[in-house]
Amino acid sequence: MESALTARDRVGVQDFVLLENYTSEAAFIENLRKRFKENLIYTYIGSVLVSVNPYKDLEIYTKNHMERYRGVNFYEVSPHIYAVADNSYRSMRTERKDQCILISGESGAGKTEASKKILQYYAVTCPASEQVQTIKDRLLQSNPVLEAFGNAKTLRNDNSSRFGKYMDIQFDFKGAPVGGHIINYLLEKSRVVHQNHGERNFHIFYQLIEGGEEDLLRRLGLERNPQQYQYLVKGNCPKVSSINDRSDWKMVRKALTVIGFNGDEVEELLNIIASVLHLGNVQYGGEDGIACITSDTQIKYLARLLGVNGAVLTEALTHKKIIAKGEELISPLNLEQASSARDALSKAVYGRTFTWLVNKINTSLAYTDDSYKHYSVIGLLDIYGFEVFQHNSFEQFCINYCNEKLQQLFIELTLKSEQEEYEAEGITWEPVQYFNNKIICDLVEEKFKGIISILDEECLRPGDASDLTFLEKLENTVGGHPHFVTHKLADGKTRKIMGRDEFRLLHYAGEVNYNVNGFLDKNNDLLFRNLKEVMCMSENKILNQCFDRDELSDKKRPDTAATQFKASLAKLMEILMSKEPSYVRCIKPNDSKQASRFDDVLIRHQVKYLGLMENLRVRRAGFAYRRRYEVFLQRYKSLCPETWPNWKGKLSDGVAILVKHLGYKPEDYKLGRSLTHTDTHAQMRKQNAIMLQAGWRGYSQRSKYQKLRTSAIAIQAWWRGILARRRAKRRRQAADTIRRFIKGFIYRHKERCPENEYFLDYVRYSFLMKLRRNLPKNVLDKSWPKPPAALTEASEHLRKLCMQNMVWIYCKKISPEWKHQMEQKLIASEIFKDKKDNYPQSVPKLFVSTRLDGENINPKVLQSLGNEKLKYAVPVTKYDRKGYKARPRQLLLTANCAIIVEDAKIKQRIDYDALKGISVSSLSDGLFVLHVPSDDNKQKGDVVLQSDHVIETLTKIAICADKVNSININQGSIKFTVGQGKEGFIDFTPGSELLVAKAKNGHLSVVSGQILSF
């Protein structure tokens, strides 16, 4: 087994059976430590796999690893969970016997992860079709859904299973997974309403709040803050670093779709989850001890989400209905009773919904092929581990009872049954001592005298029964049991650490103190009749299935929770006993969930209570391979000439001759009364049979190869002929093409004819392909490939169409603001392009809507404008008609006129109708003249103005006054009217600096300097 392994794989020993000092617990733990430090978390005890939780991701679960273990002998490769999965699968296929894989260990040891790895292995390695792939996907996707609704963070484990799960994977005769079935056990419903400090409620609540879409949360009436909900704040742990609720929510939604939930079912399911949170926020008040609900907000949400009448629900949450002698009596509840009724309803709704969810998954996994009803099964048990908390209640009692039963099963199927077999076969055997926990199982489940029977009796008896009377009855009934202790029965030292309301059980895994408070209520698990009636009237289809109306008419008292759990465990044991088991024993390396930390004390405790040392001693002392004489002979008779082909004598004599022929040493085997026993080393001699099989397979494969070779030669000859004919055909076609191309080139300048049509078509095609690759990129790109003579006209049409298309695309992308800007720029271009020197500098500058905002214009001016809307405002300099003195002014444009303003005073108003024209020089200065009629008494003459933004200003005036064609661009000088028939002149000359002054001839002289205004 070791020869094919790498040096790293050989750290320690891979099978504890090979441990030299196999009786030493210290050597056992040291071997675990060595392998754990090298991230070798798997080790065998014979066929039992021991797994240590690494608390980190390891790269040993890839598809390549799966292929490495697929179909390989159990001991040929290093220990792995895949080896156990593959061994069970092959045993199921070859022996046609149902298998089961039992995964055990305490909370946080990695049981759930182990079960997921096994499912993933089967999903990847088993044969698949489209229908089978659907089942595979549903099997895998059932995990995130059940974890969301059934797992929670505890003090020991961030993803602790708060329910037990047994899954049957069903395989058809081809070995493909075709169906599945899940059985769930004892969901910890009390977690819905209460969590210990440092723990959380079920994952789904936090996933919904953290990952739910805003519209979904709004519809459900939820806020994205778990602190707002009473059922989520008791553990004071809304966030966990190792859990990403948002991504888990997405995974759950996807999984629900894969499993087959439709939109309405998902909506109704989420309504129920949200309603549980709203139930927790129902607050009670009241006087004289009578409870009433203080706020209607939560009731409104509950009525809508649950599909019930709000008033009826309110009545049910504050009163209880009693039927006595056929009469219905309504009794009000006090505050404590009302709170308990609310919590009971929350637990019942969530618990029954979880059961419905499991049934829904089972429906989607059901094997529906009627043509072949027989199928093989591999069972997978992933059930809660042994739990010891600071405060242990009814749930921990049931969980630990379940683990006791599983440990008893392990003892029955390994330690006890194996030793009894040796004794029955008459083989000399030194018994291995081990602790048989049947005494503890009897203490819990024995009829009439067990703890469960006493608990049920106390729940059902009339009178004033309470948790403390239950404890007293336990003391009186089982007080003398060596594995039972209470405060009253304990010695002085023990009393110091035990409460008066506690009892202690000495489990196989250690001592656990259970607090009896709440035992009776949780065991009864009763819901008031009127609350059931309300739920039966729900319009929510899921709740309608969860709360059957037949419950209301059934007068038989339902079984208690403990009795139901005990019965379901008994059925589980029957299922497991009917299958061939494989074991995975999970170990938790430390309590702090830290990677690479190995706690000797904690691991020694687990090794002890899991019975690993006893299991090792039995495996080491016994024989790993046992077969009945007839089976052994039938399988290996071909290895010996004396037993082949048939053995006529006594079966035991035939087996003796066979093993002697194979050269077995006496210590390697024992012959019992009906079985052949060989040890682990002797079993390796089966390689002889493997060699024989290899010889036959070689002969078979050689014959098959010869046939395939003959067929291949025939196919190759036929295929080569096809390829040769294809090549000849391509060559002929190539020669024809070249010939036509040359002839077309010779006749290219002539009219279209058979000799040149191929060439011309090719030229046109080439041009069009070139054009396709070199189309203009934008409207400013004027490039265009040169066309051949025959396509000149078509090329021009294409160029115009291309330009129109680019213009259309460009215009489509233009926003209204940019369109307005472009319209202004277009007008400016029409007026000033190639006419005024500073126009080119204005092109890249955007025109603004105004150069003066409301704060820069005097309020009195704005008031005097009245309803006239201001379209543009700009600061300007006005030159007097006499003396040409520069004065700062503001030019305001409205829809009807241009207004010149000095501070708070309107100096001049020029109606657009009265505006004769506008003059401006061709140089780069910013002066312009507004011409008005000389006979207009309201006007004193033409207005001479200067603007730093002359292009923008004149464009705005032209647009507002509709005077685009009235702007005159003059060279040299501008003549304007001063008033009373007098005229003035402005002379423009180029220069280095802008200078405006009155010349000696009385004209206004403007020296245009560098380009400053635009």
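Cβ coordinates come from backbone N, Cα and C, glycine included.
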Range annotated as region 'Actin-binding' - as stated in TrEMBL, picked from 293-315, 569-591, 707-729: 569-591
Cβ neighbours within the same chain of GLY105 (ATP binding site) - under 8 Å, at least six residues apart: SER51, LYS111, GLY385, PHE386, ARG585, CYS586, ILE587, LYS588, GLN606, LEU610
SER107, THR112 as binding-site residues, winner by CB count within 10 A: THR112
Helix, strand and coil residues within the region 'Actin-binding' (569-591) as assigned by DSSP: 9 helix, 8 strand, 6 coil
Additional residues surrounding ATP, by Cβ distance to the GLY105, GLU106, SER107, GLY108, ALA109, GLY110, LYS111, THR112 centre under 8 Å: ASN53, ASN157, GLY385, CYS586, LYS588
Spatial neighbours, same chain, of ALA109 (ATP binding site) - Cβ under 8 Å, 6+ residues apart: SER51, ASN53, GLY385, CYS586, ILE587, LYS588, GLN606
